[in-house]
Amino acid sequence: MAQVRPDEVSAILREQLSNVKTEAELEEVGTVLQVGDGVARIYGLSKAQAGELLEFDNGLRAMVLNLEEDNVGAVLFGDSKLVKEGDNVKRTKQIASIKVGEGMLGRVVDTLGNPIDGKGPLQGELYEMPLERKAPGVIYRQPVTEPLQTGIKAIDSMIPIGRGQRELIIGDRQTGKTAVAIDTILNQKEYYEKGEPVFCIYVAVGQKASTVAGIVSALEKGGALPYSVVVSAAASDPAPMQFFAPFTGACIGEFFRDTGRPALVIYDDLSKQAVAYREVSLLLRRPPGREAYPGDVFYLHSRLLERAAKINASDEIAKQMNDLPESLKPLVKGGGSLTALPIIETQAGDVSAYIPTNVISITDGQIFLETNLFNSGIRPAINVGISVSRVGGNAQIKSMKKVAGTLKLDQAQFRELEAFAKFGSDLDASTKRTIERGRRNQEILKQAQYSPVAVELQVAIIYVSTKGYIDNVPVESARQFEKEFYNLLKSSHPEALELVLKGKIDEAGKILEAAAKDLATKFAKK
Amino acid sequence: MSDIKVASRYAKALLELAIEKKQLEEVTADIKELLAVAEANREFQLLLHSPIVNADKKKNVIHALFGKHANAITLSFYDIVTRKNRSNVLVSTAKEFVRQYNVHKGIQVAYVTTTIPLTDELRKSFQSIVTDISGMKNIELVEKINPDLIGGFVLKVNDKLLDDSVSGKLRTLRTRLAQRYFVKTY
């Protein structure tokens, strides 16, 4: 006997049947002249617009990218074997767009916004959002002032990210780029539980489906799925799906941004997206440029990343924002933000390749991850010396700003002196102290994957470490000290953490000092 | 596909000349004959497309076929096309010519596919539909019978298509049922 599949429940079948149009409609059609490699040339469709979605008889979709004298060049969002020469193609009269809504949270969708996680159709009200939308103009923006806590000590202290910022994560393969991004999503759980969620969108471009499945289960385990959306265009998906996936992510993010809420979008990764775009461009016979990328690959990334923004807090101003989709207008609120964390994979640390230089110049700073740091056990393998955040400094909480200044200086001196220390020559006492403290700071900044740290704890540990209260703790036990210090603070000194959050670091400092010194002596004895 | 660019230029030249010489109807009849011959005879098409057969031979074949009754303008047009080694676009030029002729005369061609032969009454209603769609009064219906439609009709006017056939509806139903939201696909 045939097994009944879950989608064959009678109620669902009836709903699908009842939605079928019985009224014939006048459609504009064209004929396929040539098809192959994911690209079709279509005769007719004289009124088709650039960026418009087309539909073939078998339900396959395509998008118009080239408008020529006698034909239309379109990219297929599916297998080109499903289309034959002479097939009919009809216009859908909609510029490429997807349906977005709250119902997307906790789901995995493809580039066209269709759920692919097998949990049924998207629930709740959905709004039509265009994939390609102009970024908000200057009038509708505000400077970045609120922090986006990543939960990673090295980032939150020295390369702080603000809501509405675009911070590039760049590094070779296997340096933990995705781990940084996933930890950031996991850290937003705190805010979700507080009732002020930062909605997270993770866009996987050209990755193995198994990797995507792994990420989804990591988010699920970390309790991050209820406020996250995963957009997946796996390596097996056609190139057009891959290069549009970040736009899908941006447009889901814009939904939250324009309705006055903070959102975070991660594009993992844009180098694969650029490769997919190059493939499509070459097939459409657009002239190749440097590294065979088309001339507008810079524009591809700049228009995508410009959509990350902090929107003016005033509802009136936000309501007048440019290019708002009609369906979203009644919901628009000010004060929302979209933070973008694009990821770029470099080849053998070469940041002067075409795509890395482009994206570095577009973003508001970058986090460099390095293989040799990773291999020497410094994880996250962030090279603090060359990582920067151009706008995030204004977004740090007050107490973090205070302690981070010292930390940055200490670490810069430490790196300079560390090289000397390797020669084993005699060092004077102050140099020795700088190096020893640097080692402890470095140890403190290490962090395991999937273990984001709350910002008040970060401030506390960095405070005691930079002040030298733990200089007598052996370097090897620094991490153990950190763990116990957190527990101690949470159980016996919650008031100190409160003070840290309020920005009263001087008052909190006394409690932290006493607690740290007390705990440190215990470690020193061992 | 780039045929169309070339073909439209040849067709336009021929049309303008025919109008100037006031022999439009004769030329059109010749061109329609060429189309009929080409459609019925695949070998003739292959010959026109063949790069191996030289232009002279192609010219001779065309003259042997149409030389006796074709108009002088049409014949010289065939000569020019073969001489310029463009005989491969001859058929598309002819199609393009008919299209331009229809535009010139204000004739709207519409293609109707049904499962049963049309009655006069149906024909009239189709013509009125086509007038509604295109706004043209002179309508030429090209009728075709295709039992695969199961029922209803498909009407095609230029780029526009009115599909009210049972098979078309079944197809939309099929694509709708093929959406498998309850199956994990990543």
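In case you wondered, yes, glycine gets a Cβ from its N, Cα and C as well.
Taking a C-beta cut-off of under 8 angstroms and a sequence separation of 6 or more, A:T175 (ATP binding site) has the following same-chain neighbours: A:L369, A:E370, A:T371, A:F374, A:A381. Marked as ATP binding site by TrEMBL: A:G171, A:D172, A:R173, A:Q174, A:T175, A:G176, A:K177, A:T178.
Per TrEMBL, domain 'ATPase F1/V1/A1 complex alpha/beta subunit N-terminal' is recorded for A:27-92.
According to TrEMBL, the feature domain 'ATPase F1/V1/A1 complex alpha/beta subunit nucleotide-binding' maps to A:151-389.
Residues or ranges marked as domain 'ATP synthase alpha subunit C-terminal' in TrEMBL: A:396-506.
Taken from TrEMBL, the feature site 'Required for activity' applies to A:S387. On its own chain, A:S387 (site 'Required for activity') has A:M158, A:I159, A:G365, A:Q366, A:I367, A:F368 as residues at least 6 apart in sequence with a Cβ closer than 8 Å to its own Cβ.
Counting other Cβ atoms within 10 Å of each Cβ, the binding-site residues A:Q174, A:T178 show the lowest value at A:Q174. Listed in sequence order, A:L369, A:F374, A:R379, A:P380, A:A381, A:Q449 are the same-chain residues six or more apart from A:G176 (ATP binding site) with CB atoms under 8 A from its CB. A:R173 (ATP binding site) is surrounded by 10 other CB atoms, counting those within 10 A of its CB over all protein chains shown. Highlighted in sequence order, A:E345, A:L369, A:T371, A:F374, A:A381 have their Cβ within 8 Å of the centre of the Cβ atoms of A:G171, A:D172, A:R173, A:Q174, A:T175, A:G176, A:K177, A:T178, the residues recorded for ATP, and are not part of that set. All chains included, 18 other C-beta atoms sit within 10 angstroms of the C-beta of A:D172 (ATP binding site).
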